[in-house]
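Asker: Dropping a structure here in structure tokens format, bear with me for questions.
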């Protein structure tokens with residue numbers, strides 16, 4: 001018996017001592033996407049050294065901030081084995097509510113609470129229907145995508161909401177010290193989301209019910225409740241993204257959402273979120289968003305036509321997923 | 001049987017296979033003759049699965065020779081193996097549930113005429129193969145509607161339709177009823193008579209003695225020896241070869257000291273599944289639940305555990321009736337349900353042992369998970385079930401026996417004191433089995449109430465203080481320990497007798 005145990009113990013011990021690139025990549029999942037981001041920056045810099053000027057870099061991060069927030073939002077849901085196709089239009093709906101509250105002169109706390117409540121209610125709607133009906137999240141959120149979009153148009157009367165008082169724009173699109181506020185907000189969301197996923201029971205349950213729903217259920221975890229929570233978090237983060245967007249644009253466009261969904265999901269998945277559930281990384285999602293923004297900025301910088309940009313970005317997304325897959329195998 | 005003179009159909013010589021950090025196989029030999037049933041034995045983790053995968057082309061060996069009828073060959077994958085006459089019937093059946101038996105049999109082999117599948121030829125071949133196996137089910141309906149035994153026949157028919165001379169069976173009886181197993185054995189004997197070579201993996205020793213012409217034993221990835229059918233092929237010698245020691249403490253002599261009634265089930269029913277099931281389990285007691293597969297035992301357990309809705313009747317714990325709307329209600333009342341399907345219902349395979357073990361009770365400090373305590377809790381719970389492993393390892397990397405220990409560790413930490421074990425040692429090797437038995441007995445002695453569902457009759461007889469028998473959705477009998485024999489249990493399970501205490 002003692003001999004057996006020694007034999008069992010030694011492979012593990014040997015494995016921790018032996019260092020290899022393959023092992024590093026499989027242990028630290030974000031490494032692949034980080035490498036991809038660095039390579040992309042290097043390629044653009046090689047083509048034109050001007051690309052790396054600090055203004056441009058800050059600009060890229062700024063461009064990426066809303067996508068990053070949405071990517072983290074949808075990561076919460078993907079980890080549970082679900083999907084949230086409605087985050088784009090949930091953002092639009094929250095943006096319109098936010099814009100209306102701002103333009104009607106409500107104070108900041110009311111604006112923030114009102115916007116967050118809108119997002120949370122949207123998520124509660126998704127989560128409740130998914131939990132109670134048993135309909136797949138894809139279909140439910142496909143429906144609510146349309147509902148939220150319609151509500152955004154109804155609330156705004158189909159018009160872009162203007163008249164955002166400058167103090168809101170200054171606050172939301174200004175700078176904190178040298179750093180633009182949207183970047184700070186995205187960073188705070190990253191820190192809080194990572195802490196929730198890694199250090200709290202909630203995070204552990206979300207992973208458990210994504211990776212092994214029946215195991216979690218039989219262990220007495222209230223899977224319906226926690227599933228709903230994931231959607232509430234997702235849409236609430238979309239509301240945070242909405243405030244940043246309204247601040248940056250100085251207006252709230254009810255048709256905002258459509259273009260935001262795909263980059264967000266792509267960033268989340270490139271960052272390591274497994275669409276089957278049970279795995280996902282907040283840092284990875286943010287870096288995925290940075291990669292997409294870098295590509296957009298770089299291709300624009302090189303005067304590549306917008307049509308070709310779309311093709312190039314699509315190709316990079318597929319390549320990134322392919323390398324994720326190889327990394328896992 | 002001319003095993004000693006004929007030329008081997010398949011010959012493996014000095015096969016070695018390593019994975020990063022593990023030597024899964026070292027210098028393993030195996031000769032397979034036409035017309036023999038060759039049992040491959042060993043504990044979980046002994047290297048059986050790896051060897052099967054090498055034979056079937058799913059892995060390629062690092063070293064060693066692979067010969068088919070004396071010719072050295074290399075197998076480039078499962079499809080190539082099938083073309084070379086080697087077929088495998090997997091433990092977890094690998095049929096496409098939505099397709100019919102016929103469609104499954106010809107899957108990947110469809111002959112086409114001008115781009116269209118030649119269904120009449122396919123049907124002919126498939127039906128011929130099914131007829132040879134005396135298949136009783138409907139070959140035209142989706143196989144998901146067939147019984148497990150019938151599905152297995154379809155898998156065998158696949159092998160025969162592909163004209164495979166070598167058929168590998170990985171624990172074929174694991175999910176079969178006694179009757180279905182008997183049927184399978186007679187089919188296997190016929191195949192043997194026709195000159196097929198069968199590799200048979202099973203944890204059930206009785207089957208091996210019944211069927212096998214020879215048995216090859218692996219231990220820790222190494223070849224231990226091959227026993228010929230005869231006086232040498234017996235439980236003592238096989239177990240000794242498998243575990244490297246004899247199993248003197250296998251039988252548990254025991255007098256249970258019974259305490260208060262912990263679990264009381266009264267008139268429980270679930271429409272169309274089972275009716276009017278009533279029984280009690282006392283503290284300190286292990287109550288066995290026997291019956292055929294499909295008699296409704298697991299379904300009763302699922303209702304008690306809150307996993308399925310109850311249509312009538314009640315479940316009480318310590319005299320208090322529970323309102324069970326989800327498993328969390330049962331867990332809160334102290335009911336732990338250790339499912340038969342550990343991979344999908346017992347463990348989160350991609351999570352660490354520490355996280356799995358503490359899933360029902362994640363230790364927190366000021367809202368954050370206390371990882372130090374989590375690891376310590378998991379470590380001590382794992383140690384108490386005799387599993388000394390790094391808690392950072394992923395659950396999916398463990399063998400069946402160790403997975404069951406982790407599941408047990410999880411429920412020990414949950415604070416539950418009523419345990420429902422569903423097939424506690426299914427797919428678990430002899431050595432780990434004895435440990436699981438000892439742990440169950442120990443739990444009962446410490447005052448836990450245990451309900452044990454098992455299709456393994458020797459296990460039921462060995463472990464139970466009292467045996468409940470189910471048949472077709474009702475409790476058909478109850479047998480006290482002193483009167484429990486295989487014959488009596490089978491009589492209740494198959495309808496020979498009705499209620500009798």
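Cβ coordinates are placed from backbone N, Cα and C, and glycine is handled just like the others.
TrEMBL entries are annotated by machine, without manual review.
Okay, so TrEMBL annotates it like this:
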TRANSMEM  A:28-47  transmembrane segment
TRANSMEM  A:59-78  transmembrane segment
TRANSMEM  A:85-102  transmembrane segment
TRANSMEM  A:108-126  transmembrane segment
TRANSMEM  A:138-159  transmembrane segment
TRANSMEM  A:179-197  transmembrane segment
TRANSMEM  A:223-244  transmembrane segment
TRANSMEM  A:256-275  transmembrane segment
TRANSMEM  A:282-301  transmembrane segment
TRANSMEM  A:307-326  transmembrane segment
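Have a look at these and tell me how they're positioned relative to everything else.
Answerer: Residues 270-272, 279, 281, 283-284, 287-288, 290-291, 294-295, 298, 301-302, 316, 320, 323-324, 327 of the same chain, all 6+ positions outside the transmembrane segment (A:28-47), place their C-beta atoms under 8 angstroms from a C-beta of that stretch.
Residues 84, 87-88, 91, 137, 180, 182-183, 185-186, 189-190, 193, 197, 206, 210, 230-231, 233-238, 240-241, 244-245, 260-261, 263-265, 267-269, 271, 273-275, 277, 280-282, 285-286, 288-290, 292-294, 296-297 of the same chain lie 6+ residues outside the transmembrane segment (A:59-78) yet bring a C-beta within less than 8 angstroms of a C-beta in it.
Residues 70, 73-74, 110-111, 114-116, 118-119, 122-123, 126, 138, 141-142, 144-149, 151-152, 155-156, 161, 164-165, 168, 234-235, 237-239, 241-243, 245-246, 251-261, 264 of the same chain lie 6+ residues outside the transmembrane segment (A:85-102) yet bring a C-beta within less than 8 angstroms of a C-beta in it.
Outside the transmembrane segment (A:138-159) by six or more residues, the chain places 83-86, 88-90, 92-93, 95-97, 99-100, 122, 125-126, 129-130, 252, 254-258, 261 with a CB less than 8 A from a CB of the stretch.
Same-chain residues lying 6 or more positions outside the transmembrane segment (A:223-244) and placing a CB less than 8 Å from one of its CB atoms are 65-66, 69-70, 72-74, 76-77, 79-80, 82, 84, 86-88, 90-95, 98, 111-112, 115-116, 118-124, 126-128, 130-132, 172-173, 181-182, 185-186, 189, 193, 202, 205-206, 209, 213, 216-217, 252, 260.
Long-range neighbours of the transmembrane segment (A:256-275) within the same chain, counting only residues 6 or more positions beyond its ends whose Cβ lies under 8 Å from a Cβ of the stretch, are 29-30, 33, 36, 66-68, 70-75, 78-79, 83, 85, 87-93, 95, 145, 148-149, 152, 210, 241, 245, 281, 283-289, 291-292, 317, 320-321, 324.
Sequence-distant neighbours of the transmembrane segment (A:282-301) (same chain, 6+ residues past either end, Cβ-Cβ under 8 Å): 29-30, 33-34, 36-37, 40-41, 43-44, 48, 50-51, 56, 59-61, 63-65, 67-68, 71-72, 74-75, 186, 190, 193-194, 197, 263-264, 266-273, 308-309, 312-313, 316-317, 320.
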